[in-house]
Each structure stands twice: as C-alpha cells, then as structure tokens.
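> This is the structure, below, for whatever I ask next.
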Amino acid sequence: MEDVVVIWLDNHIDHNNPDCHVTLTQLQRIADNVTTFTDNDECVEFIISNNHHRVYLILSGALGQYLVRCIHDIPQLHSIFIFCQNKSYHEQWAKHWYKIKDVFIDIISLCQAIQITFPQDEPNTTPISFVPSGKRLDLLNPSFMYTQLFKEILLTIEFQDKHIEDFIKHHPGLITLDSNHSSDVKQLVREYHVKKPIWWYTKGTSLHSILNYALRIMDGDILVRMGFFITDLHRNIEQLHKEQFVNTSWSSLVFTVYRGQGLSHTDFDELRNTIGGLMSFNNFFSTSTNRGVSFSYAESSADNPKLVGILFTIRVDPSQSTTPFVHVENHGYFSEETEVLFSMHTVFRIHDIKVIGSGRPIYEVNISLTLDSNEELRALTDHIRRENHVDGKGWARLGQLLIELSQQDTAEKIYDTLLNQTSDDSEEALICHQLGRIRHRQGLFQESIILYTKSLMLLEKSLPANHPSLGTLYANIGSVYDSMGDYPKSLEYYGKALSIDQQSLPENHPLLATSYGNIGSVYHSMGDYPKSLEYYEKALSIRQQSLPENHPHLATSYNNIGSVYYRKGDYSKSLEYYGKALSIRQQSLPENHPHLATSYNNIGSVYYRKGDYSKSLEYYGKALSIRQQSLPENHPHLATSYNNIGSVYYRKGDYSKSLEYYGKALSIRQQSLPENHPHLATSYNNIGSVYYRKGDYPKAHFYCERAVQIVKCSLPSNHPHLLVYKRNLACVKDALWRSSLTHIK
C-alpha cells in the first residue's frame with residue numbers, strides 16, 4: 001500500500017538468521033514498503049522525517065517497554081505492535097498505551113492484525129450488486145448481469161500456458177515471488193503450476209487485489225488476460241468443494257462464517273433497502289470462521305468517515321446449495337487460516353440488519369446462501385442470458401460481451417486472433433461482422449463498411465435473400481453511412497433492412513422498431529423533422545407493446561423523440577423525453593457507457609438552449625468525461641463534446657476558451673470524417689462566429705465560407721443549417737465591407 005510503511009525495530013535483527021528471514025518475508029507479503037532498523041535513534045529519526053506515510057511499528061517486548069514513552073505521540077506513528085515471547089508479561093504495561101494494538105508471539109497473527117489496521121481509503125473495494133425482492137428484472141444492476149456472463153463465458157474457454165505468459169508479460173509487477181524467481185518469465189510460468197490457484201489467491205501477491213479491481217470496474221482487458229486464473233481458481237474451489245461437502249460428514253452440517261468490511265454510504269443505503277432481497281459479491285468472496293477477526297475488520301472500516309463498518313454473518317447449508325465454496329485451511333498460503341472461500345458471483349439472501357458494538361456504529365447483516373431451488377434466482381439467471389444477446393461460444397461470445405461493454409480494443413484483439421485461425425465461411429462472416437461493429441464504434445467508417453460488406457458477401461452464399469441476418473447487416477451498413485453523413489446511401493441500406501424485416505418478422509417485433517428508428521434518424525439528420533417524428537413514433541409504439549418499460553431500446557426511442565422536439569424548439573418536451581432516456585440508461589448500463597454520455601450531452605444541449613449555461617456545462621462535462629474514458633482520442637463523439645463546450649463558452653463571451661474547444665473539435669473531425677461531412681461545416685461555422693465576435697473578419701470569412709461550401713454539397717437546399725450558415729456568411733461579408741470603408745476613410 002503506497003501510503004503505509006511497516007517498520008520492524010529490533011536490536012537483534014540479523015538478515016542472515018533464518019528466523020529473521022522468515023519474519024521479514026511474511027511482512028513483505030502484506031505490505032509493499034517494509035523497513036528494518038537495529039538502531040533506535042536512526043529509527044526514530046526516520047519516523048519523524050516520514051511525512052507522507054502512515055507508520056506501523058513492530059517492537060520487541062523489552063525495547064518497546066523502554067522506547068514507547070519517547071515515540072508514542074509522534075503524529076506519523078499510527079500503530080504499534082509488540083512482538084515477543086512473553087505475551088502475558090508485556091500485555092500488562094502495553095495496555096496503558098492506546099497506539100499499541102496488541103502483543104503477539106507468532107508472525108501469522110501479527111501479520112493479520114497489521115492488515116486489519118491498514119487504512120481502507122477506497123469505498124466499496126468489493127464489487128457488490130443488490131437485487132431487491134420483487135424488483136423487475138429489467139432494472140437489474142448492470143455489474144450483476146455482466147459478471148454473471150463473464151463467469152459463464154470464461155468457464156467455456158480452454159486456456160493454455162501462452163495465456164499465462166501473456167498475462168505475466170503485460171503485468172510483470174502483479175505477481176510478487178521470491179527475488180530469485182522474479183526476473184525469469186519462463187520460471188514464473190513454471191512456478192504458477194507448482195501451487196494450486198487457492199494458494200496463489202491467498203498468498204501475499206497482487207493477483208487478489210488486481211482481480212478485484214478489474215471486476216469492480218469491469219476492465220475487460222485485465223479480465224481477459226486473467227481469464228486463465230479466474231477459471232483455474234473456480235475449478236480448484238469446485239473440486240475441493242466436492243471433496244469436502246459432497247457425501248461427507250460436512251454435507252448436512254449447517255455452519256456460520258463472517259466477513260468484516262466497509263461499504264460506501266450509498267451502498268449501505270441500497271443494502272438497507274434490499275432486506276428480503278438478494279445480493280451478490282461479484283468476486284471471489286473470502287470469509288472467516290473467526291467472528292472476532294472479522295469484527296476487527298468492520299471496526300477498522302468504521303474509522304473511515306467515507307465507510308460504514310459492516311459485519312456480514314453468513315449462514316451456509318451445504319445440503320441445499322451446489323454453489324462452490326471451500327475451507328481454505330491446509331490449501332491456502334497460510335495453512336492455519338480458518339477461511340471459507342466462495343467462488344465468484346455467489347448470491348445470498350439478506351435477512352436483517354442490526355447495530356452492534358459500542359462507540360462507532362457497526363452493522364451486523366445476517367445473510368444466507370441461496371438455495372438451488374430458488375425460483376427467483378433461476379428467473380434472474382434466465383433473464384440475464386435472454387436479455388444480453390451474446391450468442392456463439394468461447395472466445396467469440398466473450399468478444400460480443402466486450403463490445404456490449406464498450407471495450408472495443410480488447411474485443412478487437414480477440415476477433416483478430418479468431419480471424420487468423422478460421423477457414424470456415426460462416427465463422428469468418430460472424431467475425432467480420434463483429435469487427436465491423438468495432439471499427440464503426442472506433443470511428444473507422446471505411447474499414448467498417450469493408451468488413452460488413454465482406455460479411456454480407458459470405459452470408460449471401462448460403463442464406464436466402466430475405467434472411468434476418470442479412471437485414472441486420474444492411475442496417476449496420478446503413479448506420480455507418482449515417483455516421484459518415486451520406487444520408488441517401490444510409491436510407492438505401494436502412495430501406496433494404498426494413499423490407500426484409502417486414503417480410504420475415506411479426507408486425508410488433510422489436511427489430512422492426514429498430515428499422516423504423518434508424519430511418520427516423522436519417523430524416524432527422526436531413527432536417528425533415530415531421531418525417532423523422534413519424535418513424536420514431538412507430539418505433540416507440542412497437543417497443544412499448546413488446547418490451548419492459550425500462551428496456552434500453554425504449555431509452556433509444558425516448559432519446560430520439562426528445563431530439564426532434566429539441567430541433568423544433570420545444571425544450572420542455574425535449575427535456576421530458578431526454579430525462580426518461582437517462583433514467584433507463586442509468587439503471588441498465590455500466591456507468592461509463594457511451595449511451596449515457598449521449599444522454600448527458602443531450603440534456604446539456606437543452607439547458608444550453610434555455611440559457612442555463614452552468615447546468616449545460618455540468619452535463620456536457622459528464623458526457624466528455626465518459627467519452628474520454630471509453631472512446632479513442634479521435635472519435636467523432638469526442639469532437640461533439642468539445643464543440644458543445646466551446647458553444648457554452650461562446651455564449652458566455654469567453655472567446656479564447658471557446659476557440660480552444662472549437663479547435664479541438666475541428667481537429668478531430670478533419671482526421672475522422674469525410675471532407676464534406678456536415679459536422680465539419682458546423683465546426684467551420686462556429687470558429688468563424690468566434691472570429692466574427694473578436695472582429696477578425698478575414699478569418700471569420702474564411703471559416704464561414706468553408707461551412708457554406710460543405711453544406712451545399714452534403715445537405716438539401718432547404719436544410720435549416722444551410723440557411724443559418726448563409727446568413728452568418730452574409731453578416732461577415734457585410735462586416736468586411738464596412739471595415740474596408742472605415743479604412744478608406
């Protein structure tokens with residue numbers, strides 16, 4: 001931990017002594033920064049000068065009794081631990097000093113105690129999902145759904161040694177082995193197979209923390225590289241579970257385990273609202289049979305004002321559940337450890353919550369492992385598989401899930417590998433289709449069309465002309481042309497898709513709604529708002545009849561209709577529909593999903609039109625933040641965000657800031673869009689407007705004239721943008737003329 005230093009002060013430390021070496025090795029496995037001293041003065045000077053770390057000090061009994069009165073009140077010194085051979089004697093004087101946490105005679109107990117007192121500065125470091133009783137399944141927490149799918153998919157993949165090598169190659173600092181092994185990658189690979197996955201998970205390495213981190217933020221790149229370990233660890237737990245709990249004396253023995261930790265105040269409120277419902281720990285979940293140790297973790301968490309101290313008391317009935325869990329004793333790194341480890345994404349029922357302890361409130365939460373026969377859990381799992389249209393198997397299925405999570409770069413690596421390995425036309429068509437989706441999302445439009453067209457040609461060899469798969473490809477090609485601003489081409493392909501859908505699908509099928517929505521989007525871009533609204537409302541009508549009320553596709557319809565009202569100047573109506581779209585997306589998508597950015601951006605635009613520039617900047621800023629995290633740096637949507645923020649500064653009269661953001665938008669659009677794309681015209685017009693306001697009429701004329709030239713090539717002659725840009729150019733020409741008259745005079 002970066003903000004912690006563990007110091008071991010003992011006048012008799014000898015690094016050549018085997019016992020000292022063992023003690024030091026154990027300490028280094030719980031903390032990155034461990035320092036030893038044999039000289040009292042040097043140690044005290046080091047503590048006083050260490051202004052940027054919390055100091056955790058280990059002292060021998062006799063030395064501690066003498067030294068503690070001199071150092072106890074040093075601010076940097078957080079905790080003191082007495083490590084000795086006579087526990088009862090040293091406990092007598094140690095109890096008078098509040099920074100002394102306890103007296104220890106063995107290194108394992110000492111290390112566990114130090115870990116408990118380490119600061120927990122990251123709220124909710126354990127990824128948790130809640131499913132209240134009776135909650136509609138379409139309102140599920142996205143992390144609950146995606147971790148379930150990740151686990152299912154990974155368990156269908158056969159990982160090889162090359163995947164271990166790839167992980168170590170890309171994350172060389174994640175595994176901390178003894179120093180004589182750390183430099184040899186091949187030896188690291190061999191070392192991995194020497195011990196069981198549970199041993200690695202409970203050992204003092206970063207495998208544990210980096211896996212939890214990746215699961216918490218759903219980092220597809222790390223999770224894919226760690227797929228071998230996730231799979232191996234699950235199967236190791238599964239195997240030992242059968243040995244320990246299937247047809248053994250433990251099979252019908254109900255027992256209780258505990259876990260102490262901190263929850264953010266937001267998650268704690270959600271926990272209280274989920275009594276009677278379900279919760280899942282979306283990682284591998286460690287518990288202890290020792291209530292006292294777990295309570296200490298809860299107490300330590302309660303010291304942090306950002307956290308609520310929680311003691312989970314967990315009832316487990318092995319006879320009622322096949323969820324894999326295992327007693328770690330004799331299998332983990334610490335052979336004496338009284339730990340029970342549950343596999344990833346284990347689901348529990350929440351029974352009640354009560355306050356325990358004195359002083360700082362700590363909450364005991366009673367939960368139990370869900371039964372295999374639980375209908376609610378079965379319905380939940382079926383819904384997740386049905387709603388996330390991720391088909392195929394193995395790596396191909398994983399790639400689709402990563403695209404759904406907007407982690408295109410990782411998905412691309414998977415599909416590129418699969419493409420090089422296949423010789424089957426149908427498989428190649430599927431892979432090209434997915435790569436086309438990725439290129440489109442990356443803003444690489446021409447490459448996307450090439451890949452989609454290749455997929456189309458391969459499928460046309462074996463499918464009838466009205467097959468729905470061909471309709472999907474036509475729609476995707478139409479979407480790329482829409483992004484490129486080639487609206488006639490876009491309408492042509494969207495029309496082909498609609499024709500196939502009308503022939504092959506029932507009249508209220510959701511895919512028909514998608515086709516109507518796509519065509520409505522093109523008419524919207526062309527400025528034909530009545531036609532656009534007609535198609536958008538057809539799409540909404542079908543979706544309202546065929547989908548749950550909080551389905552993400554309904555959010556798309558609400559968003560689209562809101563955009564028409566926005567263009568018509570009905571901002572109250574627009575905000576109403578944009579708000580509905582945002583509400584659904586917040587419940588159904590990961591927090592950094594690009595569709596959320598779209599909603600924030602659109603609401604920001606409404607506030608911009610209403611003159612509420614502070615609100616507008618707030619929402620535009622949220623959209624930009626998501627796009628910077630989830631999109632390539634030259635993606636057109638980033639240009640949209642920069643352009644919009646530039647417009648706010650323009651309205652506020654901050655022309656320097658405005659020009660800065662408009663310039664960023666133009667730079668991206670010049671790199672990523674065709675030279676006559678309407679969005680380029682928008683950038684030229686906006687920059688021209690800034691120069692006009694600054695009185696630099698020659699520059700204003702250059703940019704405004706370029707805007708008019710582009711829209712004449714790309715938009716209908718009656719498009720509102722063309723009329724606005726012509727008017728702006730006329731104003732600039734008039735200003736230039738008046739300026740020239742002034743110079744003549």
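The backbone N, Cα and C atoms fix where each Cβ goes, and this holds for glycine too.
A TrEMBL annotation is a machine prediction, not a hand-curated record.
Summarising the annotation, TrEMBL assigns repeat 'TPR' to 471-504, 513-546, 555-588, 597-630, 639-672, 681-714.
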> Could you count the residues of the repeat 'TPR' (597-630) that DSSP puts in helix, in strand and in coil?
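Going through the repeat 'TPR' (597-630) residue by residue, I get 31 helix, 0 strand, 3 coil.
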> So if I exclude everything within five residues of the ends of the repeat 'TPR' (639-672), which remaining residues of that chain have a CB under 8 angstroms from its CBs? That is, six or more out.
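Distant Cβ neighbours of the repeat 'TPR' (639-672) are 443, 597, 601, 604-605, 608, 611, 613, 616-617, 620-621, 623-624, 627, 633, 679-680, 682-684, 686-687, 689-690, 693-694.
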> DSSP helix, strand and coil counts for the repeat 'TPR' (471-504)?
32 helix, 0 strand, 2 coil
> When DSSP states are grouped into helix, strand and coil, how many residues of the repeat 'TPR' (555-588) land in each?
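Going through the repeat 'TPR' (555-588) residue by residue, I get 31 helix, 0 strand, 3 coil.
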